[in-house]
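What Swiss-Prot records for Asp203, Asp247 is Mg(2+) binding site, and it gives similarity to another entry as the kind of evidence. What Swiss-Prot records for 1-10 is compositional bias 'Polar residues'. Under the heading compositional bias 'Basic and acidic residues', Swiss-Prot lists 24-33. According to Swiss-Prot, the feature domain 'Guanylate cyclase' maps to 198-307, an assignment based on sequence analysis. Summarising the annotation, Swiss-Prot assigns region 'Disordered' to 1-35.
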Amino acid sequence: MTVGDTTSGSGEEPAADSSVHATPHHEVDHTVEPTDDPLAIRLEALILGADRRYTPFQAARTAGVSMDLASRFWRAMAFADIGQAKALTEADVLALRRLAGLVEAGLLSEPMAIQVARSTGQTTARLAEWQIDSFLEGLTEPPEPGMTRTEVTYPLVELLLPELQEFLVYVWRRQLAAATGRVVQAADDEEMVDRRPRVRFADLVGFTRLTRRLEEEELGELVESFETTAADLVAPTAAGLVKTLGDEVLFAADDAGTAAEIALRLIEAMSQDETMPALRVGIAFGTVTTRMGDVFGTTVNLASRLTSIAPKDAVLVDGAFAKELVRHGEAPESEAQAAEAVAAAAERVRLAEKEGREPDDEPPLPTYRFGLQPMWQRPVRGLGVVEPWLLARRGKTGS
């Protein structure tokens, strides 16, 4: 017997009742007219693929899910509280069945199912808001005089909906495959024992002042250009763009060289655009806590602090990240050490020529992509004394 089921063991149906709790799910009244704008209801039905049919209680009961669990799922997905209005469809029932079924089958714990609902709801809510705003942005004037915004929106959604739905599923599958591949590769790679991510913040300088000076459209274009540039630089690498916050982006990678390269390329790309303000980047190395696609912890806080104290158009890194670059041969411990390595290589070549051997037989000259310059030590609230390093790109090999 499902939650709210009022039938007895005799199989007789209960008497009709005005209470929604007494309405069996197979006797849903389809004659009740919604009080909302009929055209808006048509648009909603187009998007949802079905007409309004169930109250929340009826949907939960039809799905065989307790009202308490259904409510928690809906709250997690950030659905509006509609009371017991008849506003849900067959798709809502099916979604409840599927999510609850994963819990019953032991594939997900109940807290994990709630988390899945919340992360999916938050991600798609932002995507939906962005898409509808973008599609309707240019429709300030109706195609024909007297047309309402709903009348303008309906044919546009009718054309776009099936294509966008297929595209969304395609992109999600590609991203899922990429994320799964990274996890599997990390588990199989014996050398990658330490999976502490390198976390980077990139922050536009003087963004608050810009918000007062620029028009809304100009500000939007600037933010979009910044986010697009960051995403384009991160996408081809093994790094991941965690989130964008207007004037700030957060991305993470497991390889120190990749992290440093992205940071410097971002500085270089932004400095070539005269319309963009200066950029500051902070990188920290350490463990992080991941939750619903976001990252938290001391490493993230340190990267953020380094960004706030970095010079304009510069990259500051913490000591742990600097050691990683040195350990992997991406940067010398110091410029003096790099000069000694070059001098030693030159001496090996000289001795080889003196002995009649080919210099190519000698060990190659050290190749350093990056240079590190120690900066001033300073106390950072909650993190103690921090000694940042200024990251820069070195010139030609061995220089």
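Backbone N, Cα and C define each Cβ position, glycine as well.
Within its own chain, Asp203 (Mg(2+) binding site) has Asp247, Glu248, Leu279, Arg280, Val281, Gly282, Thr307, Ser308 as residues 6 or more apart in sequence whose C-beta sits under 8 angstroms from its own.
Applying DSSP to the domain 'Guanylate cyclase' (198-307) sorts its residues as follows: 52 helix, 31 strand, 27 coil. Confidence across the domain 'Guanylate cyclase' (198-307), taken as the mean pLDDT and rounded to a whole number, stands at 78.
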